[in-house]
Amino acid sequence: MTKYVFVTGGVVSSIGKGIVAASLGRLLKSRGYSVTILKLDPYINVDPGTMSPFQHGEVFVTNDGAETDLDLGHYERFTDTDVSKLNNVTTGSIYQSVINKERRGDYMGGTVQVIPHITNEIKERIRRVAHDTNPDVVIVEVGGTVGDIESLPFLEAIRQFRKDVGRENVLYIHVTYILHIPTAGEMKTKPTQHSVKELRSIGIQPDILVCRSDRPLSVGIKDKISEFCDVPVRAVITCQDAQTIYAVPLNLEREGLAHQAITLLGLEQRQPDLRDWEILVDRICNPSRAVTIAIVGKYVRLSDAYISVVEALRHAAVALDAEVKVEWVSAEAVEERGAGYFLNNVDGAVVPGGFGSRGIDGKVSAIEFSRGHRLPFLGLCLGMQCSVIEWARHTAGLAANSTEFDPQTPNPVISLLPEQADVVDLGGTMRLGLWPCRLQEGTLAHRLYGETLVYERHRHRYEFNNAYRKAIIEAGFQISGASPDERLVEIIELADHPYFIATQFHPEFKSRPNKPHPLFFGLVRAALERKETERLPASPAPVPLPSAV
């Protein structure tokens, strides 16, 4: 029988429910249990694909082409398991499904209501994940904060779920925050008490409390929380702020989170194997050197908009016994002050993906600087498209652009994918998900990957215009990767540059702490070589971690 763990949050938003859920997944997998993690998002959007990065952060793309919440990236990175469209459910998708059923007449003329129709649909989505993946444990993160009106249908659904599948098969974990008042020198539990009271008023009594704090909880504080929240002291878990998110599983293991969860679910207690994860965290926290890499983007005011890029850089750095210091550079600021002002003192640069014309000239300027000053460079999606525009303007002397930014440009070096010509809706209609890419032997990309056929995740509507293919090759660029039918250019690179490579896909989505992505490894390695002269490994040396169950 599959077991279910529901993770809710209280007191404040962005409290770290996703990291707690992902950490528990890691701890269970270290004991040999198979796990999948599901995110329930209370917003009415069908998916986050059309949401502003400033409001939502990164849109994480899965192998099957789902545009999902960034927490799914944490799930994949912590558990080393691919997730799918089934692992992200929104209020919008629930209502869309229920309304479609009503229009088809599935409810036989009945009045459609939140209870039972919406709650039943939510429960069905949870069961579907369990049915399709057949894990030992399904961990469900409930988005939002207890007390939010948007979350009520989800909370009612998970309340009912325990009755449906049996109390012994369901566990409720509530993540809360313990405030410290510096002037009083005290830690305050009252917000946590009120949060649990709110949860209990819905009919959910948490089994475990995970208490975020900037310092350890004293025995007295744990006793107080236990007394007022009706949770055993052993189930009051400290989750202290950590130097790196990858240390959280180890901290929660020391606090006994997994032991308590396994006991309450009636599973067999097994000895965890976290030795390799401990090595990983030690290398993250104690690097022998550092390198600075600029991320030149449109959404740098919210670093979560590029969270997978940052994590991919960190994964590569760990494999090289280094730390990456990220320099955030606004593409619009580059337009005002010039690329040199921001890039003169960095060791490498990344131009990530995005949409729209704002800041494009700044990205192009940053790419021109990187090319001309031999600065290690990696372009991602829009970053590749801007690399082509930069070449066309400054090497070929063309008044070039993308038709996304200028539909009337005389030299459309980037143009709309043919299959996108008649697309009207924006949501879920791009080229999405995992697609094959064939690499040219002898190229930098081929050396880094070490294989000829690779699969990468995509999210784009525009592509390199093949009418300019011959010209870009004559100008010195190599097309080192393309779709197997040779129609879509996937990777371009410069052979006479220390490291200049750009991709139409998003390699950051496939990077893992123990398996850095080859292209990010290559960038960080080139940046280190620029900074120092010592010999470095020639290929990514994965940090060993327990294999996926």
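Placement of Cβ uses the backbone N, Cα and C atoms for every residue, glycine included.
Checking the candidates R283, R289, R461, R469 against Swiss-Prot: the one annotated together with G354, L382, G383, M384, Q385, E404 at the L-glutamine site is R461.
Listed by Swiss-Prot as binding CTP are D148, I149, E150, K188, T189, K190, P191, T192, Q193, K224; the candidate from S13, S14, S23, S357 that the record includes in that site is S13. The ATP site in Swiss-Prot is built from S14, I15, G16, K17, G18, I19 plus one of D69, D71, D80, D82, namely D71.
Here the binding residues for CTP are S13, D148, I149, E150, K188, T189, K190, P191, T192, Q193, K224. Their largest Cα to Cα distance works out to 30 Å. Following the DSSP three-state reduction, the secondary structure of R461 (L-glutamine binding site) is coil. Taking the C-alpha positions, the distance from E508 (active site) to K17 (ATP binding site) comes to 22 Å.
It is K224, among the binding-site residues K17, K224, whose Cβ has the fewest other Cβ atoms within 10 Å in the structure shown.
Across the residues annotated as binding L-glutamine (G354, L382, G383, M384, Q385, E404, R461), the widest Cα-Cα separation comes to 14 Å. Rounded to a whole value, the Cα-Cα separation of G354 (L-glutamine binding site) and K190 (UTP binding site) is 42 Å.
Counting other Cβ atoms within 10 Å of each Cβ, the recorded positions R461, H506 show the lowest value at R461.
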